[in-house]
Structures are given as structure tokens and as C-alpha cells.
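*Asks:* Mind having a look at this structure? Questions to follow.
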Amino acid sequence: MLLQIIFYVAIAAEAMTAALAAGRRKMDWFGVCVLACVTALGGGTARDLVLGHYPLIWVENPYLLIICCAAAFITIALARYMAALRWPFLLLDALGLAAFTIIGCNVALEMGQQPIIVVVAGMITGIAGGIMRDILCNEVPLVFSSELYATVAIISGTLYYLGRSFDVPHDLLVLGTIAIGFALRVAAIVWKLEMPKFVYDKELR
Amino acid sequence: MLLQIIFYVAIAAEAMTAALAAGRRKMDWFGVCVLACVTALGGGTARDLVLGHYPLIWVENPYLLIICCAAAFITIALARYMAALRWPFLLLDALGLAAFTIIGCNVALEMGQQPIIVVVAGMITGIAGGIMRDILCNEVPLVFSSELYATVAIISGTLYYLGRSFDVPHDLLVLGTIAIGFALRVAAIVWKLEMPKFVYDKELR
Amino acid sequence: MLLQIIFYVAIAAEAMTAALAAGRRKMDWFGVCVLACVTALGGGTARDLVLGHYPLIWVENPYLLIICCAAAFITIALARYMAALRWPFLLLDALGLAAFTIIGCNVALEMGQQPIIVVVAGMITGIAGGIMRDILCNEVPLVFSSELYATVAIISGTLYYLGRSFDVPHDLLVLGTIAIGFALRVAAIVWKLEMPKFVYDKELR
């Protein structure tokens, strides 16, 4: 229930930040809506394609597309006030990352997938939408080089999987996983925690 | 029947314009063929992946790949004459957009999808091939910022869906939808009709 | 059996060259692992999505992800020694191209696909991982403009399909196809054999 609410709020928040990214590329209203939908729903879509889990969530619940487009148009209308909202967006995105990860793990668990795939499914749900957004904006995906993000999804997913294996009460597990994932992501932003970079500048010869 | 003819002509026309885009990137003959196939058949492929509609049309009818490659080689052979053919290509592309949209709507209708998904399926069929072409050419997809294109697909798809709901005779409906979609697209090119742009140049802080 | 060994070695080699590409983009360790997995396993994934062949190979055998990540970390650890390994990597990649193609053809053959699709499935298995790597690195895919690569996959796939049709003993066929594919690819690198380029620099008007 809480998970559902966070899910919808996070979808809208993802759609809004994607709309701002579209605005930086001077896209038209259609492009803004597509980028909002792809970013907010792309993670779940990638997970479902990879697992062969049909129907896709937004094909079954098309109102999700409407939520994304509505969030996009709200962003267009209120663009002048958005610059001050960096922190609310970051916090909602951190909540959403944890919620998306749990939802993705659940899909894989229900399909009886192996442990690694459960965690990977959670991670894909959390990060693939942003990767698609960056590809459509013609950029190297941000998630490959910025503050801990995918790592947070992997840790949250692993905790959630372990909790399910040890029969931790579900509500407690969801709350705990979201709290830990949220705290980790916020800590990563505040203290600029990053994975080590791999810098290689030679050509093979 | 008419729809089938327009479908094949549009496939070939899409493949030819994609081949020219490949030529601008100095691709080799193989790259030209891949870009032609992806552009002409990518829309239907994306739709089928998203709907879980197997087998894909070109997997079932591999001669579609041959049509695309043949169109690519004709383009290579006759490249010097192509520059004068902007308008024929634009007109064929406009016809194709309407035809692809109708075909996409039909696939979703046969699967019993909800109204929004029917229109979205039509739109994906019409535009996703061009998006894939632009990604492979390392550009921000043109469809997000140029003259009305996706909008034409959405309008055509909505009209077609409404017509099917109200039992308009099918031949009449197909002809009417193609005529309206074609006219809209040509009008958009002639009068440079565009969706409003969303321009946002601030960073969140 | 030999095919299996070559398959694993090639997966690791693909992952290692992808890790070097990630290092040139200054990605973090997570990005390096994702790029390694996508490059090494993306070809098989694309083939399976297109054919509707579930479960995907790495979803069924998640240890493949571990092999790719391990190869990525070995690359990070031994990066200083990698520059001298251009030829070993090229040779392993050439072996892998032939092995991936055969494996892809086999999947399509088992599904009873038509001849063209068998060869296309082999080719996709051989080349799509590299295309995904280049898209994630924000570059026009190399395979569209460099020495014969996809062509080698198409020739290997066609030979393998013909061999299967004429009941050539399977071990002999696999060995022969790999030998020919390997030799062709190495010849292409040594003598810089390329497909003709299509260069087009006009805008349509």
C-alpha cells in the first residue's frame, strides 16, 4: 500500500525530471511526453522484456502513461519554479529508486527466478529508465559515472531478497529496505560518494 | 489490399531515406542495409516486443528484409539522382506514416488491447523506426523536435480507433484515415506546423 | 564441447575489451561491469528478444553475469598490461564471432525458423553486443564502417546453415565454420578488407 503510493509519486517525479531534461534539449511537447514516459516506465519495461513478463505494466494499466504526460505538462507549466526544487526531486527520486527496486525484485520472485536475477531485475527496474533517457538525449548514461545509484539499487535488492528468504514480515521488510535505500542514496548525494573510476587512455596496439 | 500496397511502398521509401542517412555517416554497404532494415521495420518490431506479439512480422516474412536491402542498394546505385526526390520521399513517407499507424492499431485491436494502447501501438509503429535510425546515427531523434509527425500518427490512430468502434465500413475507414493522416502531414511540412517547444536552460539547484 | 569452451573464452574476451572501452569513457566500476555484460551478452539477448526465445541465456545461467563482471575487474586490475594485448584480443574476438554466430544459428534452427532468419539470428548474436556497447558509449556503431565483421558472421552463418542442410557431420561442420570464419576475420584485419563505403553528402531538396 505504502509501496503503491511511493510508486506513483516516484513515477511522477521521474517524469518531471525527464521533462526538464527534454526542455534542455529544446524538445517539443510530444518529445517531452515521450521522454517522461520512457524515463518513468522504461525500467519496468526493460525488466519485463528481459524476463518475458507480459503484459507490460503500462500496457495493462495505460493510465500510467497519462500520469507521466500530466506530470510532463505540469512541469512545462511550472518550469519557472522548478529550479528551486532540486532537493525535493532528489529525495523523491531516492524514494523511487528503492521502491522501483523492490517492485522489480517482486516480479522476479513471483516468476521463481534465481537470486542473482532477482537482484538484477530490481536493479534494472531502478536504473534502466534513466539510461534510456540519456540515450535519447544523446549522452553517455549518467548512472555509469556519478554518485552511487545503481549500487544503492543492488544493496536494496540484496537486502530485500535476504529478508524474503528469512521470512521477515513483509511490511517491515518493505519499510526497512526503503529506509536503508533512501538513506544510502541521500548519503551518496550529500557526501558525493562514488564508485572508483576506471580511467584508461591507451589504444590497444 | 490498398493498405498492403501502401505498406510495401512505404517500407521501401523508409529504407531509401535511411540509406541516404547512412551515406551521410559514410557507413559501408552493410551499415546501409542494417540502417534501412531497422528504420523500415523497427517500428513494427518495437510494437511487437512491447505487446508480446510474436512472431515479429519480418521473422515471419523474411522477404521484408530483402525488400529493405534491395531498396538500400538501389539508393546506393542511384544516389546522384536522389537529391531531386525530396518531395516524392516526403509524400511516400506521409502515406507510410498513416498506413503504419493503421497496421499498428490493427495488431493491438486483434489482441484486445485497451483504447489508449491501440493508439499508442499505432504511433509506435509509425515513429519508432525513425527513432532507432537517429540513435544509431548518434543524434537526438528528429521526431522530438520537428514538424508534426507523431501527432499525425496519434490523430490518425484515434480516428481509426473511433471508426472501428462505430463500425464504419472498413475500406472507407482505411481510405479516410490515410487521406486525413496524409493531408495533415503534408500540411505540417508545407506550413511548418510544429508542436510548441519546451525550452529550459536552468540547472536544478 | 569445443564450442562451449570457445563460447566462454569469447564471452570473457568481449567483456574485457568492453571494460577497456568503458575506461576510455572514465566510467566507474559499476559502469564497467554493465558495459562488459551488455557487450558480451547483448547479442544473444537481442536475438532471443527478436525470436521470442525465453528464458534469455543469462537469466537461465546467471553465472554468465559473474564471468563478465570478473573479466571486467581483472581488466581493471591488469589495465597497465592490456595495451600490449591487442592481437590476443583480436584473435579471441575473431574466434568468438564465429562461435557466437554458430550458437545463434542453432537457436533459430531449433525453433524451426526460415533460412534467412537462421543466418540473421547468427549475425545478430555476433554483432549486436558491440552495437549496444557503442550506443552506450555514445558513438556511431563501429561495425557499420570498419573492417569486415558482420560480413564474416553472414558468411559463417550461411556456411553453417548449408552444412546443416546437407547433413555434414556436426563436429566437422562446427570446426570448419569456425576455421573459415576465423580466417576470414583475421584476413580482414591484416589486409584491411572493408565493404565499399556509401558516401552521400547532399541534403534532399
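Each Cβ is built from the backbone N, Cα and C atoms, and glycine gets one as well.
TrEMBL lists these features:
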- A:5-79: domain 'Glycine transporter' (DOMAIN)
- A:91-162: domain 'Glycine transporter' (DOMAIN)
- A:6-22: transmembrane segment (TRANSMEM)
- A:29-50: transmembrane segment (TRANSMEM)
- A:62-82: transmembrane segment (TRANSMEM)
- A:89-109: transmembrane segment (TRANSMEM)
- A:115-136: transmembrane segment (TRANSMEM)
- A:148-166: transmembrane segment (TRANSMEM)
- A:172-191: transmembrane segment (TRANSMEM)
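Are these features on the surface or tucked inside, and what are their neighbours?
*Replies:* Taking H, G and I as helix, E and B as strand and the rest as coil, DSSP gives the domain 'Glycine transporter' (A:5-79) the counts 63 helix, 1 strand, 11 coil.
Tertiary neighbourhood of the transmembrane segment (A:89-109): same-chain residues 3, 6-7, 9-11, 13-14, 16-17, 43-44, 47-48, 51, 53, 117-126, 149, 152-153, 156-157, 160-161, 164, 174, 177-178, 180-182, 185-186, 189, selected by CB-CB distance under 8 Å and a gap of 6+ residues from either end.
Remote same-chain residues near the transmembrane segment (A:115-136) are listed as 14, 18, 21, 34-35, 38-47, 50-51, 97, 100-105, 107-109, 142-143, 149-150, 153-154, 156-158, 160-161 (criterion: CB distance under 8 Å, separation of at least six residues from the stretch ends).
Long-range Cβ contacts of the transmembrane segment (A:148-166) within its own chain (Cβ-Cβ under 8 Å, at least 6 residues beyond either end) map to 94, 97-98, 100-102, 104-105, 109, 115, 118-123, 126-127, 130, 173-174, 176-178, 180-181, 184-185, 188, 193-195.
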*Asks:* Going along the chain, which residues at least six beyond the ends of the transmembrane segment (A:62-82) come within the CB cut-off of under 8 Å?
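*Replies:* That would be 8, 11-13, 15-16, 18-20, 22-23, 29, 32-33, 35-37, 40-41.
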*Asks:* Go through the chain and flag residues at least 6 beyond the ends of the transmembrane segment (A:6-22) whose CB is under 8 A from any CB in it; none is fine as an answer.
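*Replies:* Long-range Cβ neighbours of the transmembrane segment (A:6-22): 31-32, 35-41, 64, 67-72, 74-76, 79, 82, 89, 92-93, 95-100, 103, 129, 133, 137, 178.
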*Asks:* Helix, strand, coil residue numbers for the domain 'Glycine transporter' (A:91-162) per DSSP?
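*Replies:* The counts are 58 helix, 1 strand, 13 coil.
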